[in-house]
Amino acid sequence: MHEYWDKQPVPREGTTPGEIDESREVVKKTTKLPNGFVWSSCTLKEACEFLNSHYVSDGVFRLCHDVEALKWSMDESAVIRKKDTNQIIGYITSSNVDTNIDTNVLKMVHISFLCVHGEYRNFRLAPILISEIKRRANKKDVWQAIYTIHAKLPTPITKSYMWHRHLNSEALVKNKFCQVDQTRKNFYQVRGSCKNVWRKMTLEDIPRVTKILQKYNEKFRIAPVVNEEYVKRRVLPIYSFVNDENDDFISFYGAPYERIDGLGTVKQVYRYYVVGDVYDDAFIIAKNYGYHIFNSPEVGMTVESLENLKFMKGNYVYYYMFNWHLNEMIEPKEINLIIP
């Protein structure tokens, strides 16, 4: 992959801040594939089955995706199939989100779900998938992208850890996700009632939520452009909650972590937006919906606040931008952009 990225317009030492490649050449033909493979499309159900088998797994658990979650998180996908069997071999998605970067507003795609079948990872299909999803974005006059991966390539804009907050320690132990003694169970216990009276967000709340999130995102150097279309497309379909007393706001989305042996599932959610001092309420709501753990990327947060909320540090990803260079690496707390 380093050989591929060395030829791409990504930030490097000495690069002038701003757009790196200002040319606007659109490649008309689909990206060339090795013999025996073809470009294709697939249903959301097929995509979920493929991702659930080949995307994120630690040998004991695997991240599971359902049709509605995948539909929410992506706008475009590229699919590679084996020509003779029609089997899906590679998959990648993009979502269209205009993004504020300092004083600039950029049309961008967020790249996600880059996945190659485990038996075909020596065919160098990952760079081909990236090139094809880039080509399709260019056809729509989009020339910048943002993405996250675990590997360190040229040149990340930040490093963001994933943090985990137990909601139901007994369920986590039962599913052999972790071991927690009684003292720690008491420490993580989520109890009591919410300090606000929350209700599920509705279509009628879109104008108000738009104003709440617009104001909230003002403090970040990198954040989505929030308008009513964004709120309807990205915020309304997931777990999103308002109250009628103030402008606090909670939203999160689910992504189950299933035991590969089929003997259990860790029900987990990921923070999307939490506006106001209402994390304890968010934990209670998520637990009442049956979730076992509340995950939060470090972006948009401080380490101190995560520790005070009893989150535990987990693995990390690097954030990258394609065809745009910042003048420096920035702190995770300066970014409020979560890529599912």
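Backbone N, Cα and C define each Cβ position, glycine as well.
Caution: TrEMBL annotation is automatic and unverified by curators.
Marked as compositional bias 'Basic and acidic residues' by TrEMBL: 1-10.
DSSP assignment over the region 'Disordered' (1-22) gives 4 helix, 1 strand, 17 coil. The annotation region 'Disordered' is assigned in TrEMBL to 1-22.
In terms of DSSP helix, strand and coil, the domain 'Glycylpeptide N-tetradecanoyltransferase N-terminal' (23-158) has 36 helix, 46 strand, 54 coil. The annotation domain 'Glycylpeptide N-tetradecanoyltransferase N-terminal' is assigned in TrEMBL to 23-158.
As annotated by TrEMBL, domain 'Glycylpeptide N-tetradecanoyltransferase C-terminal' applies to 190-332.
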Subject >> Contacting positions for the compositional bias 'Basic and acidic residues' (1-10) when only residues 6+ beyond its ends and CB under 8 Å are counted >> reply: 20-21, 126-127, 130, 151, 153-155, 320-323
